[in-house]
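Notes follow once the structure below has been shown.
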């Protein structure tokens, strides 16, 4: 086996560079010296971030990524794009995560664009959302536009893409680290490409960058005979711990995790398996504790329309999907709020989600929340809690599968690492 020894900086590194250069020429000497300088600079930047994280102090400007929870003052965020959004092919994992009334839509339009007029309106809504975030003092970054209609093939499957609309699904920020999730839908296999420019920039400025093991998405990852004929079937299967994804290899969507300082809560869902959860648990230990919680939910996918933590010891808990472990939160002194019934009309298309996007809100800090302009009931709920509402209409953007929390990934919040669940 070929073994390669890294040259470290300092006097020994310089001597090694000189020795190699004398053997292989001046060009190589220059390359080695530049490599040493680059490595030393990157290490120094990385060490600054690591030291700041351990010291539990806010990351300074040198480290652009720093977020420990869902409510500290928001300074920088990635907001997704609806441009070029395509309907995913109607594969078994898509079928398991969507409502039967839309199956014909997927069968007919899989691989093609979502209705263009609808997407155009969604684009305009998200642009307005970005403008409002900027007015509130938040730095906004956007993923690159990509043609998602291009068909691709791996040794295990072929598919077209979907979109880069929901950064919450693919990116998870924990402290000064940004983690790319190994998502479970084949149509999302190459979604990371839209974010690479942004993440490389964060990395070059000192942030940690981790990519979880990429799943092959071979047929073995999915229960090809997953029975989903009715809502009753889904309830039984979820109660039995049976999902369309198997334990063949790790997979998870970042949106199945929600952060509260040292404690991170996750659900086993149609897109997040126990192998994926265990990978995260080992990766984040010992500084963070990963807790598995569950709900009475016939079709679990993404925790933030079921259980959305909006402040220290303050959580929105979906009354239609009660948490089986809710007493643990109450014993820990948390306040559990049941949000009101959503007001979204029955005839509004929701191709990938439920009406409970109303509770999928984005906290700008403990006293400011971005909420849908049409959802007057939940606005009143927040006002009664002493939280001012920033109202934005993203009704057409909702149709693509997300609310404010889904459409964003908070990159930097001004705060420190604390425990809220002791």
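Yeah, the Cβs are placed from backbone N, Cα and C, and that goes for glycine too.
The transit peptide annotation in Swiss-Prot covers 1-37, and the record cites similarity to another entry as its basis. Swiss-Prot lists 253, 302 with the feature active site, giving similarity to another entry as the kind of evidence. Among the features that Swiss-Prot reports, active site, amidino-cysteine intermediate is placed at 406. As annotated by Swiss-Prot, phosphothreonine applies to 416, with the evidence given as similarity to another entry.
Sequence features annotated in Swiss-Prot and their locations in the structure.
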{"residue": "253", "record": "active site", "Cβ within 10 Å": "25"}
{"residue": "302", "record": "active site", "Cβ within 10 Å": "28"}
{"residue": "406", "record": "active site, amidino-cysteine intermediate", "Cβ within 10 Å": "26"}
{"residue": "416", "record": "phosphothreonine", "Cβ within 10 Å": "15"}
Expressed in Å to no decimal places, the gap between the Cα atoms of residue 253 (active site) and residue 302 (active site) is 7
Hey, does DSSP put residue 406 (active site, amidino-cysteine intermediate) in a helix, a strand, or just coil? coil
If you measure between the CA atoms of residue 406 (active site, amidino-cysteine intermediate) and the residue listed as 'phosphothreonine' and round to the nearest Å, you get 23
Measuring Cα to Cα, tell me the gap between the residue listed as 'phosphothreonine' and residue 302 (active site) in whole angstrom. 26
